[in-house]
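To start, the structure under review is shown below, and the notes come after it.
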Amino acid sequence: MIFRRTSARPASRVRGAAILALATATLSTLVAAGAAAQADPVGSAAAGPRPAAATAADPKPRTIEDKRLPLSSKSARSGAGIASAPRCDGNGTSGPRVQLMYVRGDRQPDRFDQFRTQFQARAVNLNTKFVEASARMGGERREVRFVHDAGCTPTVLRVTVPQAAIDGGGQTTQQAIAAQGHTSNDRKYLVWAENGVCGLGFGYHNDERPGQENFNNTQVGWPMIGMGQGGCFGDINVDVHELLHTMGAVQRNAPKSTGPNGAHCYVDGDLMCYNDGNIPNPPGRLVPCDYPQRAVIDCNRNMYFNPNPQPGSYLTRNWNIANSRFLIRGGGGSQPMPTQAQLRSAVGGWSADVDMGSTANGTKVKAELSSSHPAQRWNLDQLSDGRYRVTSALDASKVLDANTNRSRVVDGTSHFAQIWGWGNGENQKWTLRQIAGGQYEVVGHDGGCLTASRHNAALGVWGCDGTASQRWTLAP
């Protein structure tokens, strides 16, 4: 176990690229020798919470290095249920915020435009995880307070550093970022870097104090995800994991914590939990969650985040990330999802329409001028996994279906929408992903978005690109 710490210079407030103060990040590597062992199969033994111990708050930041994380999502466009787009807060820049950042070396190609849409999708996922956790725990809503533009879209800084910094790994990349003035204590800089690190949480503090003076709440952080070979950018939830480290997860005395050498937990299904080599024995392995879930924030609701903690519980007496100043509290709740709606496209004045009002299997769903005809009405039935069955108002047994027969071409594409009898197929289940302005992307099983390309043509199910043709309003 390698554990190194160095003092960091006081961080100054960012005022553009003109601030050139170098902030030396505190570095410590927290992994077992070699790669951490894969978790054993979940058993029935569960360890109780560690007794709370009085530990002094440590002003020296640590770096949590994740060389391997359990893959929780195959794609930045994946996810179930209704996503929660980031919302406006104030002028978008003042006060404590999460700043998104793309970092490359000066001899590397600039891939910002290639990943622009994916960066925004990842911001939506990050926000959604906090919204979902708040709702699951019955507490006041929490959202990420991003640096954003006038349209509420999180801004992504493009930062170029010396190639040697990228080649040197996470430490030198972080130092180069800080050298350009990105050191404000009002920022957590979520960094997507063109290097080969998996994930790093620069700026975690051993500090369990429950108040706003907690160092995890008052000091700068640089959660970093590598986009190069060996990086973990392929898992969208690594963003959540590393940001939570810099916000204070997981403290050494928290229930199911892996302790002072780990900063993780050992509860199956939690985004902060995996076998980092420091699970106490017993149990020596991951234990079941008290509220079984997958890829969620604080599965047990008493380790590091809960906006509604039980009286006398660990989080009422210690640092609770739900109280972080980098989160928005309350408000912003989504309008209730209608049970029936017209799917109105953001282009052409069109709506999703069952061609000719026919209920035969294989009838295309097309872009037609909006009207009150029942061929344009759809029932929205939420399934147990959060996705939706979208049923035609013409016939409750017929649903919106993504064609999977690639030999069948309609209006020039085999990737199109049709109606078909409900068969519980994956291609009949849709995610309604909320985006800016109260609109939605209607996302299929393969990550494609429902697309209105031209009048009277079948709606495509094509790769999501953020264009207006893939934005829909659910009109009552």
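Note: Cβ is positioned from N, Cα and C throughout, glycine not excepted.
Unlike curated records, TrEMBL annotations are generated automatically.
TrEMBL lists region 'Disordered' for one of the ranges 41-94, 311-364, namely 41-94. Each residue in the domain 'Ricin B lectin' (340-475) has a pLDDT score, and their mean in this model is 93.
For the compositional bias 'Basic and acidic residues' (59-69), the DSSP counts in helix, strand and coil order read 0 helix, 5 strand, 6 coil.
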